[in-house]
Amino acid sequence: MSKLLHIDSSILGSNSVSRQLTAQIVASWRAAHPATEVSYLDLAMDSPSHLSVESLGFRLPAGTADLSEVQQRENAISEALVSQFMAADVLVIGAPLYNFSIPSQLKAWIDRVAQAGRTFKYTEKGPVGLAGGKTIIVASARGGMYSTSDAGNAMEHQESYLKTVFGFFGVTDVRFVRAEGLAMGEAAKAAALAAAQVEILAQTHSAANQPQAVLVA
């Protein structure tokens with residue numbers, strides 16, 4: 001049985017396109033894999049705090065002096081999040097574009113799971129990812145058009161960032177279901193959502209037909 005972690009990060013609730021897309025992606029995945037165990041994380045409702053002196057305990061070397069009660073509590077949050085991430089075979093992540101990047105809540109989650117010795121390690125030859133073997137499907141929602149021009153691509157630090165950071169963790173199978181131009185009129189929005197539906201079927205069917213050994217780390 002594979003484990004799927006469903007993550008939403010949009011602050012728009014029921015008005016969110018990325019939430020709509022992640023729900024559809026998960027439904028399509030479960031249709032192909034009915035026995036999949038699904039966990040859900042809503043970062044807009046339950047976001048870890050941004051990194052601070054109090055939440056950096058997991059980065060301290062062994063033998064460091066006893067941590068404060070607050071540091072221990074923050075460490076427990078980081079440990080729960082990185083363990084949940086590492087246990088997942090498939091992740092479906094809603095990542096709307098906010099001000100050319102991702103929501104700060106999603107960045108806070110990434111900062112908690114980016115742990116040396118857990119999701120990556122440093123070697124004499126450079127960093128090595130430790131979270132390989134996963135499939136990650138990102139629901140990307142954008143008000144404008146960024147993928148159709150060099151200027152737009154240069155402004156986009158959403159999909160490119162996620163591909164980079166998950167690649168750093170060792171994840172090579174990162175897929176995107178994109179709906180862009182959502183704020184450019186009703187016709188453009190309808191076309192974007194229709195294209196996303198086609199992409200959902202293509203991406204979940206493609207991922208679902210990988211060998212099970214690839215899907216189960």
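Using the three backbone atoms N, Cα and C, a Cβ is placed for every residue, glycine included.
Feature annotation from Swiss-Prot assigns FMN binding site to S10, S16, V17, S18; the stated evidence is sequence analysis.
Feature annotations (Swiss-Prot) mapped to structure.
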residue : record           : Cβ neighbours (10 Å)
S10     : FMN binding site : 25
S16     : FMN binding site : 20
V17     : FMN binding site : 23
S18     : FMN binding site : 25
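S18 (FMN binding site) carries a helical DSSP state (H, G or I). The FMN site, placed at the center of the C-beta atoms of S10, S16, V17, S18, has further neighbours from the same chain whose C-beta lies within 8 angstroms: D8, L12, N15, R19, Q20, L21, T22, G94, P96, A139, A141.
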